[in-house]
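Record features (Swiss-Prot):
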COMPBIAS  290-308  compositional bias 'Basic residues'
DOMAIN    24-121  domain 'Ig-like'
MOD_RES   T91  phosphothreonine
SIGNAL    1-16  signal peptide
SITE      Y382  site 'Receptor-mediated endocytosis'
SITE      Y401  site 'Receptor-mediated endocytosis'
TOPO_DOM  18-262  topological domain 'Extracellular'
TOPO_DOM  284-422  topological domain 'Cytoplasmic'
Amino acid sequence: MDFWLWLLYFLPVSGALRVLPEVQLNVEWGGSIIIECPLPQLHVRMYLCRQMAKPGICSTVVSNTFVKKEYERRVTLTPCLDKKLFLVEMTQLTENDDGIYACGVGMKTDKGKTQKITLNVHNEYPEPFWEDEWTSERPRWLHRFLQHQMPWLHGSEHPSSSGVIAKVTTPAPKTEAPPVHQPSSITSVTQHPRVYRAFSVSATKSPALLPATTASKTSTQQAIRPLEASYSHHTRLHEQRTRHHGPHYGREDRGLHIPIPEFHILIPTFLGFLLLVLLGLVVKRAIQRRRASSRRAGRLAMRRRGRGASRPFPTQRRDASQRPRSQNNVYSACPRRARGPDSLGPAEAPLLNAPASASPASPQVLEAPWPHTPSLKMSCEYVSLGYQPAVNLEDPDSDDYINIPDPSHLPSYAPGPRSSCP
């Protein structure tokens with residue numbers, strides 16, 4: 001009798017110590033989740049409760065006939081008797097929904113628990129812990145190569161033989177994603193808010209659940225593909241820019257497409273070069289002007305020295321101004337020939353016969369008198385004067401004759417015949 005009493009005493013303790021299958025879920029803020037709870041018995045009360053701060057107390061969130069006020073219009077419970085499970089859907093999750101949940105059957109929440117769920121709600125969603133392969137867009141040839149050469153990558157798509165299987169999808173982005181063209185072999189899926197699923201089955205689970213799991217994962221990959229494709233596209237562009245432009249290309253990512261320090265150095269360098277060129281031109285022009293002025297001054301000095309050396313003495317100028325001109329004028333149209341000594345008078349003959357060795361201190365030119373012969377008719381345009389006019393002092397070398405076109409202005413000469421010009 002005592003044995004049975006002890007057995008009944010320890011029976012609740014053994015039930016409480018039973019380990020429940022646990023599922024951990026990470027959900028983005030504002031997302032939704034579907035929890036699949038096993039249903040060991042039919043036609044009983046089904047519930048989802050939340051573990052409170054005090055141990056052993058689990059507050060009912062939703063049941064067959066009850067919904068907590070905080071979760072109204074956000075939590076629904078749907079039984080699936082043919083699959084021996086029931087679904088609990090939670091939407092519009094916030095950070096206040098973090099915590100530990102449990103689903104079970106029975107009238108009391110502290111008994112009949114069948115599954116434990118740990119829910120984490122945060123703003124940024126990390127990598128899915130169950131995803132083993134990268135789901136970004138890949139070329140078809142690479143996809144076929146991975147399927148043939150690495151079949152172990154797709155092993156995670158099949159349900160495991162353990163008692164608990166968790167299914168999580170990425171959350172819905174805040175903006176509407178652009179449509180993505182899928183191959184014709186894949187059925188198009190209407191976009192819905194991201195759904196997170198968690199369910200637990202026993203090892204003897206019927207194979208009828210496998211197609212549903214595969215279809216769910218396919219729809220999950222199609223739903224998250226636009227977001228990850230966009231991320232992979234930006235990552236690839238960044239790697240290409242870094243590879244092509246080297247480590248110093250970071251300034252272009254910040255919008256500085258021109259190397260500013262080098263550009264600032266080039267501006268004063270260019271301006272300084274222009275100033276040097278202009279200064280060189282000015283100096284060259286000044287040097288040329290100075291050389292031209294020095295050459296001009298040298299020419300003027302040489303001309304003055306030449307004129308001073310060729311100027312005669314004043315006595316010679318006075319004698320030269322008083323000496324008469326000869327009749328053999330090169331500008332005269334009527335030259336005269338000198339007469340012989342026999343035609344001269346007795347007073348002039350000794351002068352002509354004088355020795356040549358006598359010093360001509362004062363040279364004089366004798367003019368022969370006009371012969372007493374009849375005048376010859378000659379055509380003359382000009383008649384030269386017998387005396388040289390006064391010459392300016394500024395031009396001592398001037399020995400030119402001044403011709404007067406009219407013979408009426410001629411001075412009176414010694415008696416003798418004159419040339420007649422018509």
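Numbers run from 1 along the shown chain.
Using N, Cα and C of the backbone, Cβ positions are placed for all residues, glycine too.
DSSP assignment over the compositional bias 'Basic residues' (290-308) gives 19 helix, 0 strand, 0 coil. Around the Cβ of T91 (phosphothreonine), the number of neighbouring Cβ atoms within 10 Å comes to 16. Across the residues of the domain 'Ig-like' (24-121), the predicted structure has a mean pLDDT of 89.
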